[in-house]
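Colleague: As listed in Swiss-Prot for this protein:
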type	residues	note
BINDING	MET31, ASP32, THR33, GLY34, SER35, GLY36, LYS37, THR38	ATP binding site
DOMAIN	364-549	domain 'Helicase C-terminal'
BINDING	GLU1133, ASP1256, GLU1259	Mg(2+) binding site
SITE	LYS1252	site 'Important for activity'
Amino acid sequence: MADSHDAPFRLRSYQAEMVEESMQSNIICVMDTGSGKTHIAIDRTRAELEICRPDKIVWFLAPTVTLCEQQFAVFKSNLPGYGIQLLSGKDNLDHWTDQGVWDDVLLNIRIVLSTHQVLLDALSHGFVKMRNLSLLIFDEAHHCSLKHPAHRIMSDFYKPRIGTELPRILGLSASPIKTAKVTSEDLQQIERNLCATVKTPKLHRSELLRYVHRPHLMRIDYPVEPQDLQSNMLSFLKSAYTNYDLQKDPWVSELLQQRQQGHDVTKNIHKVFIGGKTYCRDQLRSLALKAEAMSQELGMSVMDWYLRGCITQFSKMVHMSDSQLLDWSADEKRHLLEILRTLPSIDLNSHDIPPMSLGSMSHKLQLLIKFLVAEAKHDPEFTCLVFVEQRVWVACIAEVLAIHPETRDLLRVGTFVGESENSKRKANIASISEPRNQQATLENFRAGKLNLILATSVLEEGIDVSSCHLVVCFESPKNLKSFVQRRGRARKEESKYVIFVPQAGRRRDPESWQSLEEGMKAAYLDDLRQVKLATEKEQQSETGHRNFEVKSTGALLTLDNASQHLHHFCSILGAGPYIDNRPQFEFTEIRPGVITARVILPLTVDPEVRTACALDTWATEKMAKQDAAFEAYKALYVAGLVNDNLLPARQEADDELSELQIPDHRPSLVPVSPTLDPWPLFARHQQQNPHVYYRTRLTLHTVDDKPKHLILLTPKILPDIPELLLYWNSSTKLKIESSWLHDVVLNDEEISELKSVTYKILYSVFHNRMELNRRDFVWLVAPCDESGLLDSRIWLSEWRQHTCLATELIAQNSDWSLWGLVNQKGDARKYTPRSTSMNNQLWLLQLMQLPKRRDFLHPVLESANINDAYTKTDEMAAKDCIVDPVPAPYSVFALLLPSILHRFGMAIIAETLRTTLLGPVALDSAHSLLLTRALKSSAADGNDNYQRLEFLGDCILKFIATVHLMAANPKWPESHLTAKKGRIVSNGFLARATIAAGLDRFMITKSFTGAKWAPRYAGDLLAETGPAVKEERSSKLIADIIESLIGACYTVGGFEKAVLCVQTLLPLEPWISVPAANSILHEAAPAEADLMGLDVLETLIGYTFKKKPLLLEALTHASFSGPHVHCSYERLEFLGDAVLDYIISKRLHAHSPELSHQKMHAIRTATVNASFLAFRLFETTIDEETINKTSMRPESQKRAIWQFLRSGSPSLNANRDNALRQHEQVRDEIIIGLNEAARFPWHLFALTDPPKFLSDMVESVIGAVYIDSLGDILTCEAIVRRLGILDCLDHILCNGVDCLHPKERLGHLAVDKGVQYARVGMNTEPNEGDKMYKCQVKVGGEDVGDVAEGLKRLNAETVAAWKAVGVLESRKDSAIEIVSDVEEFFDADDGGGISLDDP
């Protein structure tokens, strides 16, 4: 079978054809060695296990134990999710005499690999039944003939049961016939034996020939060694055998002694003397024959070394009582050793084998050395496989090459001779010098540590050997099968296949072998002549004319440019390290000279347009290919995957919006309208209805005093605002309650009086910022009682016109609670009176200082050094104090009015937005506060701003966009969906939409300070008629407002309101509601009823699929080309990413107490990053019980989702296994870090580098469950919890785990010092050749922490940052300070935050 370590592959179309043929009927797949039969077996097995019942078994049969062992490893690597068992004679199967033992060993086993004899015996004894098997795979199927166990399996147990429940048959072979005399009857016999039909990929023969490189066949003639040359040692050995005295043989002596003792051994004695066979004599004969053959093949000096080695090793084993000689009697060992002592040049006193002499090597061996040296020197990438007939010759040639001066430093030699013969027989002295089998030889050869393997025929059939550029047959192949199999090992381009041929030999010339092979293949594949003819026809001139024009643009598709267009389309579908996105073409010769073609596009393309056929027939493949490409590309255009310019579909920006030239990639400053000023509208209403006023009662609650009331009159009704909290100082808070009163109609006199009262109240505090005697206020204020009635004390006659001394008021016995603000003579500071007292005939005032602050909306930080003077009572002499005329409580109200009116102003903006732009969303007035929060940037309010809602809205928009695009574009590949979604949620697109809708007018971007506050006058507001001056704002901030409003609408009414908001603010896209999209996606999903083998997977996931193909699609990598495939998982991963993000973000936003947006971003990044998801994928397992075939004790096998990934890339499997090793190395540390550490263990995850497809699997499974459950988020949450993600999130939230990334934390610790990650050298570590990235953190130019290393740059920088953080935090002066007063926050998708993917 083909080696599985070749370059990454996409199952070639001829391989896919063979799998499909096998799904339909029993076949014998005949393809050249190296053409990928292993991949066919793997995909056919996977397909069978997906559709058969869970109690069925796939049984793979191979002719040798070595081949079984190799394929066992291949199956385990490619199908790790299924129980796999290897059975061989090593397992002492002859002791398994009870059905219970077999039942135990096969418990939860889905794939068995064994030799044919193992299955035959199991069937013969009834331990295994044919009805229990679902698929029988016969590797090297040409063995199924005569009395071979493969044939007996079929003749004794399969054919008699035809008509009952039987397994499918798949035969694999490169040579269906083992002999040179091939007839049609021979082929038919093999087909009859296997109840199958010989199939070869006739449809794709041209492709097959492209991938299978036939080597250049050459011969090396060598002279046969003279027969009369003899060495003294060999002559003595042959003489010892010829003149062997049977009377002295220990076995004969024992028989004669038994006869003397009365035992009836006459028959045995007669047999010995007639046949002359005893064990000692047979050993001499075997040694002499092997030595004589070796002298002919390798030469006298090599033969002498071999004999000395065998005899010396035998002597050593006798003296050490080696276990290999346990079956020998002591007399036999001594007797044979004494005979061998008589050989010349043998010194049995030394146990060291004398060195070999190179003086008398055979001409054949010398030619081999000369040829190998020449080839190795010519080709720096020399790799060679030398087939040698006998095992002992392998050892001898290896020794020659190891010591020969021309080869010892040039060739790196390994040996491979497979398993020894029956290990239960007595040791053979002639085989003592055989090389022991070295399994590491193959691994070292693949790794390049060896460049030449000396092997016996065991490497002919199926053993996984990397492709060689040179294959040498030291002896001519014994049969056609050997010739074909060995030739298949030379699979590199420009490779050579060399056969040594004796000049006087009788064996066939290699050219005749090739001729016979072609004749044999013609019996079942009569296409070689057609291929040759097709090659000639390809060189002929053929033209075609067909056009397709897009009327709107004039873009023209022709037969000549279609292939180029199609290749470009496929190239941008999304590249990957394991994926070949090129279109594949198949050609079919309908009749001689008439060809048609079919093209197959990558798996990411929708099935409806994935294939296309040529419209016409052609004489050449070139034109058929162009025709198929033309039809394919036209179909892509019709499906909307190609635009009117005949380019891959791209969403053009709206012309009107694109004129704004706002880039999509990063924040930039763009001109926007200033924030809506609500008061001019009030002035116009006042002008139109001067006597109508709407009343709002304001109530001030303080800690010590009783509530104070003020009525606010406005020409338009004010929106209702909730209780307003004002900050008097760092410890004292004031509350303002507002309530609506019925509107009133005032006469001119009442209005005039109210304006005067308003003027007096405001003037008491803001006299420096008011125009003298100007009273055209747009709103009015006046004292009122609890019911809202105007206080009688408002009449001007009751209020003094001027200030007066405090002593005068005391003398008048005036109530101090009605006094105005107090100040000392010559001091502008104002105080509120608290009480009066007499001390030593001196009146004293207890006063509390009035704050100079004008902003009471924001808390006063302790660090601001605001003392407690605003609540502490000071004492002053009354004679030094001046009292203002307006009662102090109303002056305090006036001091608070700017803050109150600012809050009302923001509420008016939000209410205006609610009733205008957001009118279609139908929000209630009660939601104005939420809208206000959604409109405020962090610069406007550092505590209560849009950022939490933006965090939620960003996620909601991406979710809505994802499900909408999936439903609206069912044929779009993931790359198109990702590009379109990226444009919809990009800063540029959202900023353009914000400006186009006029939403920028509602953004509140400036923080209230009150420092320059002054009352607004109606005359000024009405006079403002010029165009508003544009302001520059960040496009990110503008875009965030849409997301925050979406978040607010979702908070109010879930996805229904959120989608209405999206439809309103982003009207260019024809949005589909979430429920409608869910229905569309569910209905579009394929539903097949014959997938019965997914029980383990569904148990792992914790969900039973109604449409099971969705589950297979979620686990199908784009490199897969097997059966039962709808699409690869990219679209589901695209959806699952949004679903997972939504589940996490929703829980974070709903958490109580509320989390800051920085914490939410950090936690979400931690719980959805690729390393964490891959970790959870590895950790999510179930136990499956199996029985250890050696100890017969139960064992628990871990089954995991990742084991069921359907891919077609060996390199993907290698990277998966590497990620699993990394996981196992750090698993315990990560678990402790996740469960016990106060900080998320970013630095431990940085020690792993899982490939993206692992985290993709998590998201694709979630996406599949979402579609299958019709968008049931609770079901999806259950899956996310099953994967351990939500449990980790709960732990983080419950224990306050800090998830800030070390690189971000280091930036905070560094404050204003620059942070650099300086790369240190470029070292290649010896461990698997991984290139490790090393870096050193520098803070302010100083090295901090140790040098850190990682598999990639980001990994190394993360570990380095973690180390540096530890150093800085250990210093006394370090303190982390997270800056939160920035105007906007960047998340990872928008270019900010921490991205965990190495760029």
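Glycine residues also receive a Cβ, built from the backbone N, Cα and C atoms like all the rest.
Where in this structure would I find these features, and how exposed are they?
Modeller: For the recorded site, THR38 (ATP binding site), the DSSP three-state label reads helix.
GLU1259 (Mg(2+) binding site) falls within a helical segment according to DSSP.
For LYS1252 (site 'Important for activity'), the number of other Cβ atoms no farther than 10 Å from its own Cβ, over all displayed protein chains, is 14.
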Colleague: Within 8 Å of the Cβ centre of GLU1133, ASP1256, GLU1259, which other residues of the chain have their Cβ, at the recorded Mg(2+) site?
Modeller: TYR1129, GLU1130, LEU1132, PHE1134, GLY1136, ASP1137, SER1255, MET1257, VAL1258, SER1260, GLY1263
Colleague: Note the mean pLDDT of the domain 'Helicase C-terminal' (364-549), expressed as a whole number.
Modeller: 75
Colleague: Do you know offhand how many angstrom separate MET31 (ATP binding site) and LYS1252 (site 'Important for activity') by C-alpha?
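Modeller: The separation of the Cα atoms works out to 35 Å.
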Colleague: For the C-alpha pair, I'd like the distance in angstrom between ASP32 (ATP binding site) and LYS1252 (site 'Important for activity'), rounded off.
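Modeller: Just about 35 Å between their Cα atoms.
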Colleague: If I restrict to non-local contacts, at least six residues apart, and a C-beta distance under 8 angstroms, what lies near ASP1256 (Mg(2+) binding site) in its own chain?
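Modeller: Result: TYR1129, GLU1130, GLU1133.
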Colleague: How far is it from LYS37 (ATP binding site) to LYS1252 (site 'Important for activity'), counting Cα to Cα, in Å?
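Modeller: Each residue's Cα considered, LYS37 (ATP binding site) and LYS1252 (site 'Important for activity') end up 29 Å apart.
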Colleague: Quick check for the class: what is the C-alpha distance, in angstrom and rounded, between SER35 (ATP binding site) and GLU1259 (Mg(2+) binding site)?
Modeller: 35
Colleague: Find the one among the binding-site residues GLY36, THR38, GLU1259 whose C-alpha lies closest to that of LYS1252 (site 'Important for activity').
Modeller: GLU1259
